[in-house]
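Have a look at the structure below, then the notes.
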Amino acid sequence: MNGTEGDMFYVPMSNATGIVRSPYDYPQYYLVAPWAYACLAAYMFFLIITGFPVNFLTLYVTIEHKKLRTPLNYILLNLAISDLFMVFGGFTTTMYTSLHGYFVFGRVGCNPEGFFATLGGEMGLWSLVVLAFERWMVVCKPVSNFRFGENHAIMGVVFTWFMACTCAVPPLVGWSRYIPEGMQCSCGVDYYTRPQAYNNESFVIYMFIVHFIIPLIVIFFCYGRLVCTVKEAAAQHEESETTQRAEREVTRMVVIMVIGFLICWIPYASVAWYIFTHQGSEFGPVFMTLPAFFAKTAAVYNPCIYICMNKQFRHCMITTLCCGKNPFEEEEGASTTASKTEASSVSSSSVSPA
């Protein structure tokens, strides 16, 4: 084996030289240089100072402006809450442990850190699935006369919490476990070992199928159908200027949504699956650290994609930040009017983002 397995940890380095130490008790500077941990801490600090304001502002603006309290925005707020879970439950802890070069909170602290990071990520992922499903139902109309209401939104929020818990809770109760990963200063699901007492193998397979493959299929299907529907609507209206604009806006939004999902999850999932299916293979600590920490950027670009591209929300946000006035009032007003015209042209009030 090219790694060292200990009590509730796996260090990706052979202990043939005897230098490997528990990541709960000793700095792991034999894995990578101290400056690498400092860079990791700086990166987490950047995510904190950007992720917290933009997600908190999302919550505040929605509460401040009554017109934003729509059923669909319940899901967007849930997305912001999930990102805040990642910021407070994962990013702050990881920044602190990175400054010390090891997981200073010990085995007791590894469980809550891994839990909150996993819960926040899964809440965000399943919120995207609910958004994709809502867009498909409203725009493509597979069920005639369907209107996305408050009850549907509440059901969607409850669904995201339920699915997130079905992934984050099992490692706390004995189905798999949370252990330090990569550079040993953050905790995640154990892809590295297969102790019979924890049934890691069955949990990882379950997680990849239910919490990665299925969401990916749903998102691709829903947004694929949405783009096709908008194209068909544009053709039926003889491709008027407003319809073409609507098609471009929706297509751009969908492409960014899908790319964001892929960029966030595929590198991490691919590396985790490789490690899981190549037990004992040689890989360095950075091999898992880079995709794992890159996936955390979802807490920053999620609100940018799903909220900042929403004209109405952007207008309210600028108004809030500028003490009740929007210096871009004319531009925003024209955009809002155009958006309404475009929505009418494609026979759906929900074609433009949210």
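For all residues, glycine too, the Cβ spot is worked out from N, Cα and C.
What Swiss-Prot records for 334-354 is compositional bias 'Low complexity'. Here Swiss-Prot flags Cys110-Cys187 as disulfide bond. Summarising the annotation, Swiss-Prot assigns N-linked glycosylation site to Asn2, Asn15 and lists sequence analysis as the type of evidence. Sequence annotations record features per position, and here Swiss-Prot assigns S-palmitoyl cysteine to Cys322, Cys323 based on similarity to another entry. Positions annotated as N6-(retinylidene)lysine by Swiss-Prot, on the basis of similarity to another entry: Lys296. According to Swiss-Prot, the region 'Disordered' annotation covers 333-354. The topological domain 'Extracellular' annotation in Swiss-Prot covers 1-36, 97-110, 174-202, 275-286 and is backed by a curator's inference. According to Swiss-Prot, the topological domain 'Cytoplasmic' annotation covers 62-73, 134-152, 225-252, 309-354, on the basis of a curator's inference. The transmembrane segment feature in Swiss-Prot is assigned to 37-61, 74-96, 111-133, 153-173, 203-224, 253-274, 287-308; the stated evidence is similarity to another entry.
Tallying C-beta pairs under 8 angstroms between the transmembrane segment (253-274) and each of 74-96, 111-133, 287-308 places 287-308 first.
Checking the recorded positions (Asn2, Asn15, Cys322) against Cys187 (disulfide bond) with a 10 Å Cα-Cα cut-off leaves nothing. Counting C-beta pairs under 8 angstroms (sequence separation of 6 or more), the transmembrane segment (287-308) fails to reach the transmembrane segment (153-173), with fewer than 3 such pairs. Looking at which of 37-61, 111-133, 153-173, 203-224 has the most CB pairs under 8 Å to the transmembrane segment (74-96), the answer is the stretch 111-133. Around the Cβ of Cys322 (S-palmitoyl cysteine), 12 further Cβ atoms fall within 10 Å across all displayed protein chains. Take the Cα of Cys322 (S-palmitoyl cysteine) and measure to each of the recorded positions Asn2, Asn15, Cys110, Lys296: the nearest one is Lys296. Same-chain residues at least 6 positions away in sequence with a Cβ under 8 Å from that of Asn2 (N-linked glycosylation site) are, in sequence order, Pro12, Met13, Ser14, Gly280, Ser281, Glu282, Phe283.
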